[in-house]
Amino acid sequence: MSVFDHPAFDDHEKVLFAHDAKTGLKAIIAVHSTANGPAIGGCRMWSYKDSSEALTDVLRLSQGMSYKNIMADLPLGGGKSVIMKPQGDFDRAELFEAFGRAIDALSGNYYSAEDVGVSPEDILNARRATQYVVGLPGGTGDPSPVTAKGVFLGVKVAAERALGSSDLSGVKIAVQGATGHVGAYLVQHLHEAGAELFLADINESALKDLAAKTNSTIVPIDKIYGVEADIFAPCALGSVINPDTIDTLKVKAVAGAANNQLATRDMGAELQKRGIYYAPDYVINAGGIINIMGDLDPKYDAKWVEGKLQGLRQTLGEVMDRAEDEGTPANIVADKIARERIEDARVRKAEAA
Ligand code: NAD
């Protein structure tokens, strides 16, 4: 399928197909927008069925990064890269160095970091060939605590809208993926804020410990959707709000860390129809990318990060206000605001040129 006719093509600025016969590298780098700064987004390595599947993934993910970065008010654009995992044995260090050469060819239009299937060590190997990488070992480190802090603030916004107060004491919250990198920090914040917690995770031993420490109730993984709670915080998988789960939800709001929570865009309208508030995932979970700014420039220090997290809280409030005022689903409102901001940035950049 051609790139320009692809259904996920959204006026992407650049799409680079990189092949290196020696290492077996087959990668696609998609730069969705640099209107507001260099495009940043992780590299995902996956056993894609074919290059068409990889292209679809990278076009969608790079657009998502543009939206996430602009909604977090970062001086960044959006991009993403995918590597088609070679079959059989391959030299991982050489493969990532070749990937680094592909990044370098974009001369700083795109910065890569890790994503699914890629480790900080892989990015270190890419670093041998390019300076345009972030999230290296010894840098700003694990983004999860900052992501969790942002999600915690977002849960408070959701509580304010859905329950009339941001005070979480006694508020019942169901957390899926409770023992994960983000989940465990979030659970700690919610516990300290006095919430009554219901936790699910496939990691049973870690879950038992966490539940004991936070006086929480353990819920079987398939029962987490139907808990009689006020808020559902998905912090594990994507597509958890889908036709099979939506009618089991008893909560008044969905606010969590997981990427791509809605299986399809129309699930936002389905939530709204049921009177359930939704905190769009790429708005509430941008703490990690905010944290990564510290890798680009030391002026982005802890105080700056804290200010940006408070900004996320405000943006989420604006999205929810507009969703209510316009009767439009929050995910659609967020996409609209993101597109407006990107267009404004594009016009500013063109005028400054
Ligand atoms: P993680 O892998 O550390 O945590 C996921 C947790 O979910 C694990 O504890 C796992 O055991 C659990 N899990 C898996 N399948 C489950 C199931 N069926 N039911 C219940 N629990 C299940 O990942 P993470 O870094 O904590 O990220 C969690 C989510 O947040 C992901 O969707 C990720 O894309 C998104 N996210 C993470 C960050 C970050 O800073 N780490 C930033 C933005 C978005």
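In case you wondered, yes, glycine gets a Cβ from its N, Cα and C as well.
Where the annotation comes from TrEMBL, it is an automatic prediction and has not been curated.
Quick look at what TrEMBL lists:
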ACT_SITE  K80  active site, proton donor/acceptor
BINDING   G177, A178, T179, G180, H181, V182, G183  NAD(+) binding site
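Feature map: annotations from TrEMBL on the structure.
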{"residue": "K80", "record": "active site, proton donor/acceptor", "DSSP (3 states)": "strand"}
{"residue": "G177", "record": "NAD(+) binding site", "DSSP (3 states)": "coil"}
{"residue": "V182", "record": "NAD(+) binding site", "DSSP (3 states)": "helix"}
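In sequence order, I29, A30, H32, G41, G42, C43, R44, V58, L61, S62, G64, M65, D115 make up the list of same-chain residues 6 or more apart from the residue listed as 'active site, proton donor/acceptor' whose Cβ falls under 8 Å from its Cβ. Only G177, G180, in sequence order, out of the recorded positions K80, G177, A178, G180 have a CB under 6 Å from ligand 1. For the NAD(+) site, the Cβ centre of G177, A178, T179, G180, H181, V182, G183 serves as reference, and the other residues of the chain with Cβ at most 8 Å from it are V175, A184, Y185, L186, V187, D201, C235, A236, A257.
Sequence-distant neighbours of V182 (NAD(+) binding site): residues of the same chain at least 6 apart with a C-beta under 8 Å from its C-beta are S144, T147, A148, V151, C235, A257, N285.
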